[in-house]
Amino acid sequence: MKVKIANNAGFCFGVKRAMNMAWHELEERENGIYALGPLIHNKQAVSKYEDRGLKTVNELNDIPSNESVIIRSHGVGEDIYIQSKNKGINVIDTTCPFVKKIHSIAKEYSAKGYKIIVIGDKDHPEVIGINGWCNEDAIIIKTLDEIDQLNLDANEKYCLVSQTTINLDLYNSIVEKLSERLNDIVFKNTICSATKERQFSAKELSKEVDCMIVIGGKHSSNTQKLVNICRGIVPTFAVETKDELDINELKKFNIIGVTAGASTPDWIITEVINFIESI
Ligand code: F3S
């Protein structure tokens with residue numbers, strides 16, 4: 001039995017950076033640190049960090065003064081920084097630099113009188129964060145058709161940004177439609193290529209192997225997307241850890257491909273690979 005690993009699998013640059021920063025901070029402190037929202041969508045990783053002293057809360061109000069809070073890679077709105085400062089809470093900012101860039105665009109253009117349009121999911125923490133840098137006043141759209149329902153003013157100034165994980169085809173089609181409707185609009189392509197690269201690697205590897213194993217949280221949407229891509233090509237098993245692997249099923253295949261969602265830590269991927277190689 002041979003194992004092949006996708007070229008791009010597991011943590012992206014921004015998540016790896018954030019997780020390393022959080023771990024480093026936890027090692028420095030005796031009393032632990034708070035995280036505003038789950039650090040990552042991976043049960044095993046969160047519980048490893050909680051054992052080291054991470055305390056997850058949903059509201060800044062749940063954090064006492066003089067404590068420290070980790071801002072996740074998704075980022076947050078400007079008000080969280082202001083409120084933290086006012087409450088004497090120390091901010092450990094692990095926001096991905098690519099997301100930070102969107103925050104500065106939203107702030108800069110909103111200050112110059114542009115109306116910000118965001119392509120993304122209005123309930124996603126990244127989009128909520130972006131909206132928090134332009135007075136919570138952004139127009140948020142998820143599909144091309146939604147443009148028809150918008151009350152746009154052709155004489156106003158607009159600036160378009162996107163959630164980092166959206167599809168480039170969707171972005172391009174929205175740019176085309178808005179260019180026809182508006183006279184003064186600035187387009188900022190803020191898509192991050194990490195998601196696309198991971199999907200491309202999974203697809204390419206699926207063509208070379210007899211089955212795929214996709215490692216990632218059951219509730220992780222990017223992991224599910226990888227599962228769907230692989231399943232369209234070869235038999236695919238979705239697991240959170242090595243314990244969910246079925247040895248008898250795997251023995252039916254000669255070459256096994258492995259990939260992992262963006263929130264799957266390296267140590268879980270390594271455990272799966274070691275387990276398959278030991279069969
Ligand atoms: Fe950052 Fe891209 Fe990952 S925006 S958090 S590197 S998907």
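Keep in mind that glycine also has a Cβ here, set from the backbone N, Cα and C atoms.
The model shown is predicted, which means the values in this text are computed figures rather than measured ones.
According to TrEMBL, the feature [4Fe-4S] cluster binding site maps to Cys12, Cys96, Cys192. Cβ environment of Cys12 ([4Fe-4S] cluster binding site): Cys192, Ala194, Thr195, Arg198, Ala262 lie under 8 Å away, each six or more residues apart in the same chain.
According to its DSSP assignment, Ser221 ((2E)-4-hydroxy-3-methylbut-2-enyl diphosphate binding site) is helical. Annotated (2E)-4-hydroxy-3-methylbut-2-enyl diphosphate binding site per TrEMBL: His41, His74, His124, Thr164, Ser220, Ser221, Asn222, Ser263, in sequence order.
Listed in sequence order, Gly217, His219, Ser220, Ser263 are the same-chain residues six or more apart from His41 ((2E)-4-hydroxy-3-methylbut-2-enyl diphosphate binding site) with CB atoms under 8 A from its CB. Positions annotated as dimethylallyl diphosphate binding site by TrEMBL: His41, His74, His124, Ser220, Ser221, Asn222, Ser263.
The isopentenyl diphosphate binding site feature in TrEMBL is assigned to His41, His74, His124, Ser220, Ser221, Asn222, Ser263.
In this structure, Glu126 (active site, proton donor) is part of a helix by DSSP. Counting only same-chain residues six or more apart in sequence, the Cβ atoms lying under 8 angstroms from the Cβ of Glu126 (active site, proton donor) belong to His74, Gly75, Val99, Gly120, Gln163, Thr164, Thr165. The active site, proton donor annotation in TrEMBL covers Glu126.
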For Cys96 ([4Fe-4S] cluster binding site), which of these binding-site residues sit within 10 Å, Cα to Cα: His124, Ser221, Asn222?
none
Check Cys192 ([4Fe-4S] cluster binding site) against DSSP and tell me helix, strand or coil, would you?
coil
I'd like to verify something. Among the binding-site residues Cys12, His41, Cys192, which ones have a C-beta closer than 6 angstroms to some atom of ligand 1?
Cys12, Cys192
Hey, for the [4Fe-4S] cluster site built from Cys12, Cys96, Cys192, who else sits with CB inside 8 A of the CB center?
Phe13, Gly14, Val15, Ser73, Phe98, Val99, Thr164, Ala194, Thr195, Ala262
Let me spell it out: for each of the binding-site residues (Ser221, Asn222), count the other Cβ atoms within 10 Å of that residue's Cβ, using every protein chain shown. Which one has the most?
Asn222
